[in-house]
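The structure is given below, and queries will be raised subsequently.
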Amino acid sequence: MAQSKTELMAVLAVMKKYNLKGTEELLKKEAGLADIPENVAGEAEVNSVLAAYKSEGDPDIYENSYMELRKFVEESLDIYKHELALILYPVLVHMYIELVYNNHEVQAKKLITQFGPEQEYYYQDELAKLAMVTKRDEMSGNDITDTFKSNAFTIRISRDTLSLLKRHLHEKKASVILNIVNEHMYFDLYEGVARNKAQCDATSGAMTGEAKRQDNKIKVYYGLLKEPDVQTLVAAPPEEDDDMDPDAPDKPKKKKPKKDPLFSKKSKSDPNAPPLDRIPLPKLKDVDKMEKIKALRESTKRVNLGPELLPSICMYTLLNANHTVTCADFCEDSSLLSVGFTDSSIKVWSMTPMKLREMKSAEHLKEIDRDAEDVLIRMLDDRKAETCRTLLGHSGPVYRTSFAPDRTMLLSCSEDCTIRLWSLHTWTCVVVYKGHQYPVWDVRFSPHGHYFVSCSHDRTARLWATDSYQPLRVFAGHLSDVDVCIFHPNSNYVATGSSDRTVRLWDVCVGNHHRLLTGHKAPIYSLAFSMCGRYLASGSADNRVLIWDLAHGHLIAALTGHTASIHSICFSRDGTILGTGGLDCALKLWDFTKLVDDISGENVNVSHNPDVRDGEPYLLRTFPTKQSPFLTLHFTRRNLLLGVGMYELGV
């Protein structure tokens, strides 16, 4: 108590020295020191209180403090060394920021030049951007400085390792580092043995460190929704008449109608599925139900894939399109292909003999019988049918297109900051959605229709409904561009991948993130959910595909082998095979069933992430293209794998 009173008196003396009367009186009143005589605190007390701040202002102390910390990490026992090494990068960044803020440009430059190159390779781009900030007024608006000033750097660390670090800092009286550790770092403590290098590397790499375990504790309903009953629309097969059979006179005349084998299996409700009324989903029309029946019938003819039976692959190569094509997308039943271009146009091709028809004019529509069963077919004009349609309206490159599940609409997003909804009956733009302030990188329809999600350079993803001009949810939390977004198969969640090297899973019901997944070392450009909904695959510019278990938020496998960014990922319709396509002009097929079987036997309820499996044992085959990087991959309902790429000279 006496010490704190002395310090308070020293602060009052400083205020008096600089003639801060108003603040001095206010502090006296709040601290109950109104009756204290003047000049109680001497010069010695004032100097002792300010000593720490003075030492931090001394620019030469920073370099020595960092060298001492680095030496301590290097000389630590191997069991603690790898976790301790995680603090070197954030300490270096904050030291640089403090030096620049205090106008010590020469020392700041020397610090980052000397110790920057020895940091991990995935931090080098950020350090290069940071080194460009050399004056205090350049700090505001800089991504790196803003991120580090407003977010604590998270490190998952064992209690023993943290105790060792704190003891060292207190013994050395390293006030510079102690202040950085206390103010700008968050230690996610766990009990148990410290992690080895492989475990530390597996989850490090994001802009602000690792995910806290608390980030991944909320329950996620990753199960699939129960399929709606569509059997009522199927006419029962005609009864067989045995009257004319001379060999069976004693048999009963009536025979029970055969059950359609398609509906003999009742769909079980998934215990991990969300309640059906958790989010409002559009009601199925009869047309939608008939489409589901058609999909079910096609699925009975599906090829069951496996290591011994790989899918047939059909590759569509776009010629004379070097540096002009930006994206490609197939509709769910593989009958339509859309391609976006840098000149702001979109082309839609029919992949079947059925041409793309246009709706009749208003005058001709008046003559149609509205009550007819085939009214939609009658509304379309066969005379204007074409194999390819062009959609014009954007004023910048088109970065993504997405078909509605019923194939009546198409979404597109562009550099012009807008999202457009196109009618595939009239082949015109029907809605322009404005909300993002910067280019929109990705847009995807919900598997159930009605809803769609977009993501942008403005660091947000947004949930929309086709019948609303305003977004329903704004998913904010990423620290850099949100490059890719995708709906979960049950439409209750949205996954996003960002240039901040994290993947987040957002709950569309409440708008919060329920999973924060760290481990990528570069921006994330592709995402895909497994057929069961439990696993998420993410592809990145670090040339790896990471597999995540959404039940626990754990990284379970890292699939390596690509030599360039991975921009397309797709699961087979039966969930057995994972296909990945990259800018290295290679398609790789992975045995996902074997991976899941190997994982299911492990105990994942551990204090920190389990060991991450290497992908090499699961690689089934690699298919190279000649010179065509992959834009998209798509498995048809019968498990034929379709790919789209553009021929590039000199790849």
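Including glycine, each Cβ sits where the backbone N, Cα and C put it.
TrEMBL lists these features:
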- 238-247: compositional bias 'Acidic residues' (COMPBIAS)
- 259-269: compositional bias 'Basic and acidic residues' (COMPBIAS)
- 56-185: domain 'TFIID subunit TAF5 NTD2' (DOMAIN)
- 236-281: region 'Disordered' (REGION)
- 318-359: repeat 'WD' (REPEAT)
- 391-432: repeat 'WD' (REPEAT)
- 433-474: repeat 'WD' (REPEAT)
- 475-508: repeat 'WD' (REPEAT)
- 517-558: repeat 'WD' (REPEAT)
- 559-591: repeat 'WD' (REPEAT)
Per DSSP, what is the residue count of the domain 'TFIID subunit TAF5 NTD2' (56-185) in each of helix, strand and coil?
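Its residues fall into 103 helix, 7 strand, 20 coil.
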Helix, strand, coil residue numbers for the repeat 'WD' (318-359) per DSSP?
0 helix, 23 strand, 19 coil
Can you name the far-off residues of the same chain, 6+ from the ends of the repeat 'WD' (318-359), with a Cβ under 8 Å from a Cβ of it?
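Same-chain contacts beyond the ends: 291, 295, 365, 379-382, 384-403, 405, 407, 410, 412, 414, 416, 422, 424-427, 631-632, 634, 636-637, 640, 642, 644-649.
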Summarise the repeat 'WD' (559-591) as counts of helix, strand and coil residues per DSSP.
0 helix, 19 strand, 14 coil
Could you tell me the mean pLDDT over the repeat 'WD' (475-508), as a whole number?
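Across the residues of the repeat 'WD' (475-508) the model's pLDDT averages 95 on the 0 to 100 scale.
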